C-alpha cells in the first residue's frame, strides 16, 4: 500500500514538475478536452431549454450564464489550447528540435491556462453566479450597476490570466520555429501544420493585447469607479473596438491550426504533397494581415461612417479569397490522389465540407444590407458554429487521430473512429443547418412562443445530443486505445514529415542523433561531432557520406538538459499570481498569501537564472535565417512586438475618447495637458529616463569588454535613474490627488492614470530586470555570450519603455 502511494505521488510529482514539450502537450490536450466536456454540457442544457416553447427548464439567468460561459470556454479554453496541445507535442518533432526554446516558460504558460479556467468556473460558486451578459461581454451590461457581484470580475480576471498565458506561449513558439529548426529545414520545407502554428502565434501576438487591455479597463470600471465603458466618450463603442480587434483575428487563430492539421492529413492520405503549397502560404500570410482590418464588420449597425463601413465590407469579402484558395488547394490535392479513407482522412474531408458551408455563409455578412438583416439572429450562430465546430473542432480531431499513434504508441479502433465521424457530421448538420432557417429568430432569447420555430429548434437540439454522443464515442475509442490498443509502428501512415522518423512515442530526447534534411528531401541522422567536423552545409548538400558515422546518441541529445529541467517553479509562480489576484475579489488575506508565494517563487526562479542552472545556448547547426541565433534576444523582440499592441490599444483608447464627438458633446471638455500638469516635471522625467537608457548602454559595453567596473557603473546608474523616475512620478500623483484630481475627476484623469500607471509598471519591471543583472554580476556570472544576450535583451526592453514615454509626455503634458 505504501509503495503504491509512493508510486502515485511520484507520478503526480512528475507531471507537476515537467517542462518537457511532449508532457506539456498532453496536459494541454487533457485539460482542453475537460473544458470541452464542460462547455458541451452547458450547450446541451440550453438546447433543451430551446427545444420547447415557454420552457421553464432553465431560468433566464441560468440560461444566460450557460450561454456566456459556454461561449467563453469554447472560444478561449478549448479550441486554441487543444491546438496548442498538438503543437506542443508535434511542432518540435516536425522541425527536429529537442524542445521548445524556453521549457519553463512553456510550463508556466500551461499552469496559467489551467488556473485561469478554474477562476472562470469558480464564478459559478459565487453569490451572484457566473457572468450572464453574453460571451462578448458587451458594455454597458458589464457595468456593476447592471451586473453586480464578483462573477463577472472573476471572468475578466480569468481572461487577463489567459491572455498572459498566450503571450508567453507566443514568444516560445515564435522563437522555437524561427531559430531552432534542424539542419536543412528551410522555411518552405516546414510542414503545413508548423506553418499554421506560426501564423497563429503571429495573430496572437497582436490580437490578445487589446483583449487584455479591455479586460483590465473593465475591472477598473467595476472596482475603482472609472467610466471607460460607461461614459459616452468611450462607452459601448470603445469596448466593441477593443473586443473585436481581438475577436475577429481570434477566428483565424482557431482556424489556422485546424487547416494546418487538415493539410498534413490530406497530403498523407492522398499520397501527394499539398497542391500549390507556396501560394497557399502566401495566401495565409495575406489573410493574417487582412484579419486586422475586418473587425468593424461586427459594428455595421452602430452608426459608423458609411465610407468606413464600405471599407470594412470590402475587406470582409477580400479575406475570403485566401481561404477559397486553401479549399481549392485541398481539392486539387485530393484530385487523382491515392486516397486512403482512414479515420483522420474522413474527419479532414468532413471538416473541409463544413468549411465550405460555414465560409460561404459568412461572406454574405460582408454585405452591409444583409448583415443588417441577419445580425443578432440564428443565421450568425449557424455560420460561426459551422466554422468553430464543423471545421475547427473536426479538423483538430482529424489531427488528434492522425498523431495519436505517434503520441501514445497505440492504435485505435477504426470502426469506432468511423462511427465517431459519421455521428459527428450528422450532429453538426442537424444542429446548425436548421439554424440558417431560423434567420428571423433572435439569438439571445431564452424562450419563445412562435410555433414555426419549434420544429427547427427541436431538430437542432436533437443534433446537439447526437454530436455530444459522437464525442463520447471518440473519448471511449481513445481510452480503449490506451488500455487495449495494439502497438503502433513508428510510421504507420507512411508519411514523410520528420515526426514520423522517430519511435512511437518518441524518446525523451526526441531523436537519436541530429536530424538533417538533405536537398533531395531524404533524412539522415548524424552526431553533433559529425556536424562540427564536416559542417552543416556539406551534409545538407549531400557532399559527405555520413552513413557510417556513429550517432554518439548520448552526446547528441545531452544539450536538452533533461536531468535538470524538472521544477515546481512554474506551477508555484502561476498559483501565487492567480491567488494574489483572485484574493482581491474574494479575500484580502488570500491575496496577501498569494503575493508572498508569487514573490518568493519569482525570486527562486531568477536565482536559478543567476546561477545559470537552466542556461542553454542554441547549437551552432540550427537553421535560423534571417533571425539572430540568440533565443533570449529573439524572445525580447517578440515580447516588444506584443508591447506595441498593448500600448497601441491604450493610446487608441486615448484618441478614441479624446476625439469622440459624442463624448465632447455630452461630457466635460478635455483640457490641454499643460493646464493640468507641470510641464517641467514631465520634462525632468524625460531627461531621467533618457539618461538611464544611455547609462545602460555603458553597462552593455562593459559586459562586451568584460570590464567589471564599467558594467557595475552602468547598471547602478540605470537602476538609480529608474527609481528616481518612479519617485518623481509618485510625488506627481500625490500632488494631483491632493488637488482633487483623482479618478473621479473625469475621463481625462482616468486615461492619464491608466496610461502613466501602465508605463510605471513597465519601469518597475525594468528595475527588476536590472537588479537581476546586478545580482548576476555580483555572483560572477554576468560574462560570456549568454550574459551579453541577457544584457542586450534588457537594453531592448528599456528602449521600448523610453519610446512609450516619448509618446506619453507630449500627449499628456503638452497638448
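Start at 1 and count along the chain as shown; that gives each residue its number.
Every residue, even glycine, has its Cβ placed from backbone N, Cα and C.
In the three-state DSSP scheme, residue 70 (Fe(II)-heme a binding site) falls into the helix class. Swiss-Prot lists 70, 385 with the feature Fe(II)-heme a binding site, giving a curator's inference as the kind of evidence.
Sequence-distant contacts of the transmembrane segment (71-91), counting only residues of its own chain at least 6 positions beyond either end whose CB sits under 8 Å from a CB of the stretch, comprise 21-22, 24-33, 35-36, 38-39, 42, 97, 100, 106, 113, 116-117, 120, 134-136, 155, 159, 162, 166, 169, 173, 176-177, 193-194, 197, 200, 250, 253-254, 257-258, 261, 388, 392-393, 396, 399-400, 403, 406-407, 499. Look at Swiss-Prot and you will find 71-91 (among others) tagged as transmembrane segment, backed by sequence analysis.
Same-chain residues lying 6 or more positions outside the transmembrane segment (157-177) and placing a CB less than 8 Å from one of its CB atoms are 72, 76-77, 80, 84, 87, 91-92, 95, 97, 100-102, 105-106, 108-110, 112-113, 115-117, 119-120, 123, 190, 194, 197-198, 201-202, 204-205, 208-209, 211-212, 215-216, 219, 577-578, 581-582, 585, 631, 634-635, 638-639, 642. Marked as transmembrane segment by Swiss-Prot: 157-177 (among others).
Within its own chain, the transmembrane segment (197-217) is flanked in space by residues 80, 83-84, 87, 91, 156-157, 159-160, 163-164, 166-167, 169-170, 173-174, 177, 190, 226, 228-229, 239, 242-243, 245-246, 249-250, 252-253, 256-257, 260, 284-285, 288, 291-292, 638, 641-646, 648-650, 653, 754, which lie at least six positions past its ends and keep a Cβ under 8 Å from the stretch. Residues annotated as transmembrane segment in Swiss-Prot, with sequence analysis given as evidence: 197-217 (among others).
The feature transmembrane segment is assigned by Swiss-Prot to 242-262 (among others).
All protein chains considered, the CB of residue 252 (Cu cation binding site) has 25 other CB atoms within 10 Å. Classification of residue 252 (Cu cation binding site) by DSSP places it within a helix. The Cu cation binding site annotation in Swiss-Prot covers 248, 252, 297, 298.
Swiss-Prot lists 281-301 (among others) with the feature transmembrane segment, giving sequence analysis as the kind of evidence.
Per Swiss-Prot, transmembrane segment is recorded for 380-400 (among others). Residues 29, 74-75, 79, 82-83, 86, 193, 251, 254-255, 257-259, 261-262, 264-265, 344-348, 350-352, 354-355, 357-359, 361-362, 365, 374, 424-425, 428, 431-433, 435-436, 438, 443, 467, 474, 478 of the same chain sit 6 or more residues outside the transmembrane segment (380-400) yet have a Cβ under 8 Å from a Cβ within it.
Under the three-state DSSP scheme, residue 383 (heme a3 binding site) falls in the helix class. Per Swiss-Prot, the feature heme a3 binding site maps to 383.
Beyond its flanks by at least six residues, the transmembrane segment (463-483) meets 33, 36-37, 40, 43-44, 47, 389, 397, 400, 404, 408, 410-413, 416-417, 419-424, 426-432, 434 of its own chain at Cβ-Cβ distances under 8 Å. Under the heading transmembrane segment, Swiss-Prot lists 463-483 (among others).
As a whole-number mean, the pLDDT of the region 'COX3' (545-815) in this prediction is 90. The region 'COX3' feature in Swiss-Prot is assigned to 545-815.
The transmembrane segment feature in Swiss-Prot is assigned to 637-657 (among others).
Taken from Swiss-Prot, the feature transmembrane segment covers 683-703 (among others), and the record attributes it to sequence analysis. Tertiary proximity for the transmembrane segment (683-703) is limited to same-chain residues at least six positions away from its ends with a CB under 8 Å from its CB atoms, namely 709-715, 717-718, 720-722, 724-725, 728-729, 763, 770, 773, 782-783, 787-788, 791-792, 794-795, 798-799, 801-802, 805-806, 809, 813.
Per Swiss-Prot, transmembrane segment is recorded for 708-728 (among others). Within its own chain, the transmembrane segment (708-728) has Cβ neighbours under 8 Å at 681, 684-685, 688-689, 691-693, 695-702, 760, 763-764, 766-767, 770-771, 773-774, 777, 782, 798, counting only residues six or more beyond its boundaries.
Sequence annotations record features per position, and here Swiss-Prot assigns transmembrane segment to 758-778 (among others).
The annotation transmembrane segment is assigned in Swiss-Prot to 791-811 (among others) on the grounds of sequence analysis. Below 8 angstroms of C-beta separation, residues 630, 632-633, 635-637, 639-640, 643-644, 647, 651, 654, 673, 682-683, 685-686, 689-690, 692-693, 696-697, 699-700, 703, 718, 755-756, 759, 762-763, 765-766, 769-770, 773, 782 of the same chain, each at least six residues beyond the ends of the transmembrane segment (791-811), sit close to that stretch.
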_By Cα-Cα distance, the member of binding-site residues 70, 383, 385 nearest residue 297 (Cu cation binding site)_ = 383
*Taking the centroid of the Cβ atoms of 248, 252, 297, 298 as the Cu cation site, which other residues of that chain lie with their Cβ within 8 Å of it, listed in sequence order?*
244, 247, 249, 251, 291, 294, 295, 316
*Recorded stretch, among 242-262, 281-301, 637-657, maximising Cβ pairs under 8 Å relative to the transmembrane segment (758-778)*: 637-657
*Ten-angstrom check, please: count other Cβ atoms within 10 Å of the Cβ of residue 385 (Fe(II)-heme a binding site), all chains counted.*
22
_In the chain carrying residue 248 (Cu cation binding site), residues 6 or more apart in sequence that have Cβ under 8 angstroms from it_ = 291, 294, 295, 297, 298
*Quick one: Cα separation, residue 70 (Fe(II)-heme a binding site) versus residue 383 (heme a3 binding site), in Å?*
17
*Rounded to a whole number, how many Å is the Cα of residue 383 (heme a3 binding site) away from the Cα of residue 252 (Cu cation binding site)?*
14
*For residue 298 (Cu cation binding site), which DSSP three-state class applies?*
helix
*Taking the Cβ of residue 383 (heme a3 binding site) as the centre, count every other Cβ atom within 10 Å, in any protein chain shown.*
23
*Mind giving me a neighbour count for residue 70 (Fe(II)-heme a binding site)? Other Cβ atoms within 10 Å of its Cβ, every protein chain shown.*
21
